[in-house]
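Undergrad: Below: one structure in structure tokens.
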Amino acid sequence: MATPMHSKEPAPVFNTEISEEMQDDNEKWVLDSSVDNKGNVPLRASTGAWKAALFIIAIEFGERLSFFGISTNLMMYLTKVLHEELKTAAKTVNYWSGVTTMLPLLGGFIADAYLGRFSTILFSVFIYTAGLGLLILSQLAPALKPCTDIDGPCHGSLRLHKIVFFVALYLISIGTGGHRPSLESFGADQFDDDHPHEKMKKMSYFNWWNFGLCSGLMLGVTVIVYIEDNISFWVSYVVLCVIMGIALSIFLLGRPFYRYRVPQGSTLTPIMRTFVAAVRKRHLPYPANTQELYEVSNSFSEKRLLSHTNQFRFLDKAAIIEHTNNEKHMNPWRLATVTQVEELKLIINIIPIWLATIPFGISIAQSTTFFLKQCAVMDRRLTSSFEIPPASVFSLGAIGMIICVTLYDRILVPFFRRLTGNERGISVLQRIGVGIAMVVIAMVIAAIVEAKRLSIAHEDESKVVPMSVFWLVPQFVILGFGDGFSLVGLQEYFYDQVPDSMRSLGIAFYLSVIGAANFLSSLLITVVDYVTRRGGGTSWFAKDLNKSRLDKFFWLLAAMDAVNVVIYILVARRHSYKSVQSRVGIANSSDGDDEDVPSRV
């Protein structure tokens, strides 16, 4: 039922006896529009929360292990096996990473609107596994193998191998595009925002989600990369296929414990309707009282209603009730509720934050490209007989992130909660800002270390510079700490601040920050390469890394990040968070034989 916000609403019709026990029902049942695996209202004691989230984190552990086992060593594969130049390989990695982190926008939309998150996860895993299978084929089929064998003649074609190899990579991208936004939001859905204890647990969920992610990452960039470098790529791909199969089996075991969200159709259509309604009624005067704007009664709404805000007031005109009996004025393309208007405002509100975090993402992109190429030309000997694979050094960032999220969840949050009174400790935007500032420090250190490496390289003409790879520890670890603040903060921010019906898309918006940053990183490399070569100059990205000037490139990124810190602070200070009305009047009624199961009016 819909009414102006100020008008009296008829009393809701529902079982009075059960209504008086609403508080007890809220403890027994999950009344947030989710359902259990049988389509009923979930029992709180036997579904959701950590008992369900752990199964979901398990499959994320397996998928991230697989993904980083492939992606972290991709730069080495492109330059050593496919013989691409440094700048070409860096751009190839950035393009692939960009596509992989932009596709979740499509995957998240499909999950929210049509398939649901659980089904999208299953379909995505099957596509992902098909990509892994094609990678195995590209290494084993005689006609597809790259011509790098030293034990005998090679009958394969490098061109054909490239085609199959990249088709496999982009199948993995498609699988990731559906898997990542759906899985992370599906995990967060297991916690009820309207239940105080579960809401507190949800604040830790994103920290421990990333703990599982980084644990998988560490095994991927150590064990899997070691297999790739010292045994065979095809063996590593087989191992990854098996791991994905085990992870999927564990995920399916959790089905009885999950809470599911039923897709309600396109999530973008209401947004477009609201904008069109505001444009159509642009000439109407604002009401004297915002309580006159059109809204659905909280008692009759299955979704959470949003409170009115004063930003972007032009859009409020979509909720103005035209005083006429003409039924066309009740058309959803001409009249929107306050909640629908506020949902459109939320989408507009996140755009400045999204833009302000792009430079941060550009710096993060260097950890899988130029940072790893630095590792390849430095002394990686751990002992006289063991040398660390270049890609395994990437695990330092994961270690930094694991330490960060653990300290943040167990020490910093309780401390700042007592200090500020904020249940989160510090606000999510403050958390993101701390991470952005840390990236400035990481890039400054990276520039200083690279300058020292180049000075040693000029004195020593050997291909591998006699400088320990452990000089790179500070930049990787600090970047990991930055990720622990900013990336986790971005996940939580975009999940919470989008409309409730767009939670998968919210995670996709976070991933698209990294995707857009990867594309812009490639563009920046192209522009810098052109400018530095102009007039017969020497490119900062020479074929020989020891003749490149990555130190200057890192200084450029540090300067960009420093300016961006100021911009981000200005944007964050003007930001307003989503304001949700208290849920009241969720009606209950008996249904069939299950007399104790509540249902919503």
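Cβ from N, Cα, C; glycine included.
Got these off TrEMBL a minute ago, pasting:
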TRANSMEM  95-114  transmembrane segment
TRANSMEM  121-140  transmembrane segment
TRANSMEM  208-227  transmembrane segment
TRANSMEM  233-254  transmembrane segment
TRANSMEM  346-368  transmembrane segment
TRANSMEM  388-408  transmembrane segment
TRANSMEM  428-449  transmembrane segment
TRANSMEM  469-495  transmembrane segment
TRANSMEM  507-532  transmembrane segment
TRANSMEM  552-571  transmembrane segment
Undergrad: Answer yes if the transmembrane segment (507-532) and the transmembrane segment (346-368) have at least three CB pairs under 8 Å among residue pairs 6 or more apart in sequence, and no otherwise.
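TA: Between the transmembrane segment (346-368) and the transmembrane segment (507-532), which are separate recorded stretches, there is contact, as judged by 3 or more close Cβ pairs.
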Undergrad: For the transmembrane segment (208-227) against the transmembrane segment (552-571), do we get 3 or more Cβ-Cβ pairs below 8 Å once near-sequence pairs (under 6 apart) are dropped?
TA: no
Undergrad: Between 95-114, 121-140, 388-408, 428-449, 552-571, who has the most Cβ pairs under 8 Å to the transmembrane segment (346-368)?
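TA: Stretch with maximum Cβ contacts: 552-571.
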Undergrad: Thinking of Cβ pairs under 8 Å, which stretch from 95-114, 121-140, 388-408, 469-495, 552-571 has the most of them with the transmembrane segment (428-449)?
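TA: By Cβ pairs under 8 Å, 469-495 leads among 95-114, 121-140, 388-408, 469-495, 552-571.
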Undergrad: Which sequence-distant residues neighbour the transmembrane segment (95-114)? Criterion: at least 6 residues beyond either end, Cβ under 8 Å.
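TA: For the transmembrane segment (95-114), the far contacts come to 71, 74, 120, 124, 169-170, 172-174, 176-182, 185, 263-268, 365, 368, 501-509, 511-512, 514-519, 522.
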